[in-house]
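Undergrad: From TrEMBL, for reference:
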TRANSMEM  32-50  transmembrane segment
DOMAIN    59-201  domain 'EXPERA'
TRANSMEM  62-83  transmembrane segment
TRANSMEM  122-140  transmembrane segment
TRANSMEM  147-168  transmembrane segment
TRANSMEM  180-200  transmembrane segment
Amino acid sequence: MAGSQASHPHPYVPRDLHLPGYVPCFLSQSNILSVFASFTVILFSLTWIFSGRLKKTKVDRLLIFWWAFTGLTHIVLEGYFVFAPEFFKDNTGFYLAEVWKEYSKGDSRYVGRDAGVVTVEGLTAVLEGPASLLAVYAITTGKSYSYILQFAISLGQLYGTAVYYITAILEGDNFSTNSFYYYAYYIGANFSWIVIPSIISIRCWRKISAAFQVQSQTKKHKSR
């Protein structure tokens, strides 16, 4: 066993990170990204076709896709990370394990099981994942709580992303194998969870504020 561990040095930073039993990736970077891209395209196609039959607006159709995508990502991908602490030992080529072995080149706190990262990802997988799928249901059925739900989830995503980056900065921000992985994975892969939740939060805030304004004006008219 000791010989097997020694024959597979890991590529992560810091170099002295202790990962007994580490097994290198079986899939190439292009294979991993191709599978993820294919999943995204298929999901977009399915949600777009489904929402089109419901006569939803283009904005709602895009939101349905986003919440389905982010919900499944939180539950399946991030959920696997949380509940499979020794994914770096996987020697079967299991796709989810391969994703995290690869992503850890951009942030070794994942393979090193940093407590802060595990906590954020755990809350995201358990709470925000199911809530995101509930948002899909709320939009498709026109529920009254749709905007407040989207607003709450988006704030949670922004908070989680802020904690993710702030803790990295406080710990030295030196967890990437090189600058490519730093910008492609650590920055690029998380960029969507900054921009899109921000846009949704602003939109929902305006919708909720407008609804309260209409309600207030209605009450004033009735009281006259």
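Using N, Cα and C of the backbone, Cβ positions are placed for all residues, glycine too.
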Undergrad: Where DSSP helix means H, G or I and strand means E or B, what are the helix, strand and coil counts for the domain 'EXPERA' (59-201)?
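TA: In the domain 'EXPERA' (59-201), the DSSP-based counts are 112 helix, 0 strand, 31 coil.
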Undergrad: Within the domain 'EXPERA' (59-201) only, compute the mean pLDDT.
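TA: Computed over the domain 'EXPERA' (59-201), the mean pLDDT is 97 on the 0 to 100 scale.
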